[in-house]
Amino acid sequence: MVLFLLLSLPCAKRWMHRESFEFAASEASAEVDNGQVSRRPKQYPLLGFHDRHLESEYLMDLVVTSKDRIYLGLFFALLVHMGGVGVSAILYVGSRDKFPGYSDSHRAFVAVAFTCMALWPLAAAIITAQFWAARRKIGRRVGKSVVLVFEATFLLYLALTAYNLYNQDQRWDASYMRIVYGYGALGILLMVFCMPTMIVLFFVNLPSLATLEMTVFMSIAFLVVDPFLIDLGWRSFSDEQIKGAISSVLCDQFIDDETGDFCATYWTVVYLFPVILFGLITVMIAIVSLIVDRNNRRSFCNRKLINALQKQKEASLLRQRDEQESLINSIFPPGVARELTMKHSNEVNLTSSLATLGGSCGIFSQAVSREHQCVSILFTDIVGFTSMSQQCLPLEVMSFLHELFVRFDNLVDM
């Protein structure tokens, strides 16, 4: 969160802005003709595009397209918390009058549990307000702000969970914790109370930097800080304590030192397996996030490329339409040209049928008839006209005829 927040500062944005990338239409057309996108915006490792304006646009697009997944992530995080720590807290509150051992440690556990439970609805409300402000054009950085809110909520939840684990270990006897959760209580607590919420990161579509920050913080809190501070941590996995904790029923066949060491090593691996699995899943989440973020950025660039091609095509069709209208205005009298153009515009939707307007015979296929009296009709036989019309474009032929009859009119007027 700290690094992601620092990158959002204006000074950091100016310092990291090394490129002003534009998806040029001509380059986009050439790239599509070759079947691949050869020119893409440059990227920093984990930090996004060199063009920071493009990075902001990408974050906005990512948050908008992943809005449903973000809400589902918040809902499932609340659900798994209530199914784990939340149930224990509710039972403690409901039975505090009947539970003689209810003490300050239980009150602290309940307070932290209900605080964690309130985090996710609060985050959903803040994110909803940000989307509402973006629709009203009040807020501009909805992409970064939504990611920051989700990451801050997740990190605060992890910090409270780590504190709760430390508080339980300090206020309750380690032997009591082992009776409740077994000798490998550390791994059980991590897998039951932390892992379900962490798995939410698998399907919440966030930038890889944000996900990586959360997984690093999680690893430091639950694999370094807490295990070194609590009695159920790494110090409880020494060979002497393992040998003393293992039941004689399990190891009564091991009577010498060699077999006793093997027994201790075996059960150490068994007790550590949940902790190792916790670390592996954390690494998997980080790797999957990197792959998904890379694919998301590639898809974003492809969409920008398609938009550039579409704008190029629309501009070309509009230019063709203007050329056709200019030709009609030069051939026909103003009233006839205006009526012909309006008649065609009424039949074709300009915004959704640009291709029809750009056709070679879209307007010329219309007929406009007028009654004229006292006119002279000129019949001409142009030598070589057939062969010439086959070698030239229709518009060039019409321009030639127009020029020919204009000169004839000038001769008549003389």
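From the backbone N, Cα and C atoms, a Cβ is placed for every residue, glycine too.
Just so you know, TrEMBL annotations are computer predictions that nobody has curated.
For 376-414, the entry in TrEMBL reads domain 'Guanylate cyclase'.
According to TrEMBL, the feature transmembrane segment maps to 70-93 (among others).
Annotation comment: TrEMBL describes 108-134 (among others) as transmembrane segment. Listed by sequence, the residues of this chain that lie at least six past the ends of the transmembrane segment (108-134) yet keep a Cβ under 8 A from its Cβ atoms are 67, 70-71, 74-75, 77-78, 81-82, 85-86, 88-89, 92-93, 140, 142, 145-146, 149-150, 153, 156-157, 160-161, 163-164, 167-168, 171.
Taken from TrEMBL, the feature transmembrane segment covers 146-166 (among others).
Annotation source TrEMBL lists transmembrane segment at 178-204 (among others).
With a cut-off of 8 Å between Cβ atoms, the residues of this chain six or more beyond the transmembrane segment (211-230) that come close are 1-4, 46, 151, 154-155, 158-159, 162, 165-166, 169-170, 186, 190, 194, 198, 201, 275, 278-279, 282-283, 285-286, 289-290, 293. Annotated transmembrane segment per TrEMBL: 211-230 (among others), in sequence order.
Same-chain residues lying 6 or more positions outside the transmembrane segment (271-292) and placing a CB less than 8 Å from one of its CB atoms are 46, 183-184, 186-188, 190-191, 194-195, 198-199, 201-202, 205-206, 208, 211-212, 215, 218-219, 222-223, 227, 237, 242. Taken from TrEMBL, the feature transmembrane segment applies to 271-292 (among others).
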Average pLDDT across the domain 'Guanylate cyclase' (376-414), rounded to a whole number: 80
